[in-house]
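The structure under discussion appears below in the form of structure tokens.
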Amino acid sequence: MADQQKNYDHLVINTCVLAGTIMIESGSEMTRVNDTVLRIARNAGLKDANIYATLTGIIVSGGVDDVGAQVGSIDKRVLDMEKVAKVNELSREYAAKKIDIEQFYDDLKNIDRLVAMFPLWVQLLGAGLVSGSLVVVFQNNLPDFGITFLVGMIGWAVLYFLNIYVQIRFLSEFIAAMTVASLAILSVKYGFGIKADDIIIGSLMPLVPGIPLTNAVRDALSGNLISGPARGIEALISACALGFGVAIALHFF
Amino acid sequence: MTFFIIKCICVYLSGIGFGLIVNLPHRALNIAGINATIGWLVYYWIFSTWGGLGAPNFFGGLVIGILSVIIARWKKMPSILFDVPGLVPLVPGGQAYNSIKNFALGNYQVAFNYLSEVVWIAGSIALGFIVAELVNKIRQKIRRVQARN
């Protein structure tokens with residue numbers, strides 16, 4: 001009996017750690033992570049559960065004698081909002097007793113299979129839409145919509161493939177920004193575009209670290225003084241990488 | 001006027017496009033685009049009546065922050081799904097680029113002017129978000145008091 005309870009508590013804590021890890025990896029803000037994990041633990045009957053989450057690791061303790069705390073480390077961070085939504089949904093279903101803790105843990109383990117990323121061509125289309133339409137919104141420049149759409153798509157493709165094959169952080173942003181700026185200048189030189197500056201501004205927008213920045217502000221304001229500045233520095237370095245990329249392209253062409 | 005409508009459509013498209021990049025769930029895409037459009041309309045309206053940099057961005061951020069929490073309650077999804085695409089049209093991309101360009105070209109005076117604009121705009125958006133959070137907390141408290149009575 002005691003053994004069974006211990007196994008159950010272990011499973012609950014493992015579920016909590018896994019849920020928190022997935023949420024932080026996918027780019028959720030910290031208050032939501034703390035809230036969700038504590039809610040799962042309370043719903044499972046661990047009243048005194050506690051959590052300490054940072055950007056690079058998460059510790060969950062059960063608050064009962066025979067199970068200690070579990071640590072999960074977080075090495076990669078990709079933006080995947082659907083995973084955040086999925087963990088949220090699973091936690092709701094668990095709270096409503098629609099699924100039990102084994103099912104919950106199993107679903108979290110297989111979340112990569114349950115939640116599909118958009119295929120590459122849809123992502124490219126999205127990057128193109130962001131680039132093209134923001135040129136119109138920011139710079140009132142309708143004629144450059146098409147070429148910016150194209151350059152933005154190429155920039156995103158460069159980032160995507162470098163992230164898969166090279167896996168050096170910030171280098172992919174740097175090279176993508178350089179490609180975008182060079183293509184923009186060349187396209188104006190050969191008469192496809194009108195204003196190189198506008199094309200660069202638009203095509204860089206999908207690469208700008210928008211979510212890390214908003215999360216940084218939000219984490220810092222909610223009192224998480226470890227994760228907020230850490231995210232801010234991450235966003236700052238990628239913004240600098242983008243800036244250097246553009247600056248080098250501007251020098252060469 | 002036609003151009004204004006084109007701009008509205010473009011804001012909507014940019015919200016959806018950003019959603020596609022960050023893998024938003026399918027049923028959140030449309031509403032995120034609409035959220036972006038409403039936030040930008042508020043920004044545009046205040047920009048064309050009062051002008052300036054701070055107030056339009058502040059109110060844009062405020063409206064997006066409040067709306068996305070309301071939508072999140074309604075759709076039963078995390079609110080971050082709706083406010084990030086909403087912020088995309090407000091990001092000071094043009095100023096940030098100009099500041100980097102002028103740094104690269106050696107015009108430090110101009111670059112610092114643009115940089116301070118960027119800081120000012122980003123700060124106002126962040127402040128709008130803080131106030132939105134405050135408004136949401138107050139709404140929660142009112143609801144809790146009402147539920148108790």
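Here, residue 1 is simply the first one shown, and the rest follow in order.
Glycine residues also receive a Cβ, built from the backbone N, Cα and C atoms like all the rest.
For reference, TrEMBL has these:
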type	residues	note
DOMAIN	A:15-252	domain 'Threonine/serine exporter-like N-terminal'
TRANSMEM	A:118-139	transmembrane segment
TRANSMEM	A:145-162	transmembrane segment
TRANSMEM	A:174-193	transmembrane segment
TRANSMEM	A:233-252	transmembrane segment
Which stretch, A:118-139, A:145-162, A:233-252, tops the Cβ pairs under 8 Å count with the transmembrane segment (A:174-193)?
A:233-252
List, by number or range, the same-chain residues at least 6 past the transmembrane segment (A:145-162) whose CB is under 8 A from its CB atoms?
120, 123-125, 127-133, 135-136, 171-173, 175-177, 179-180, 183-184, 187, 192-193, 198-199, 202-207
What residues elsewhere in the chain lie close to the transmembrane segment (A:233-252), defined as a C-beta under 8 angstroms and at least 6 residues from its ends?
55, 77, 170-171, 173-182, 185, 200, 204, 207-209, 212-213, 216
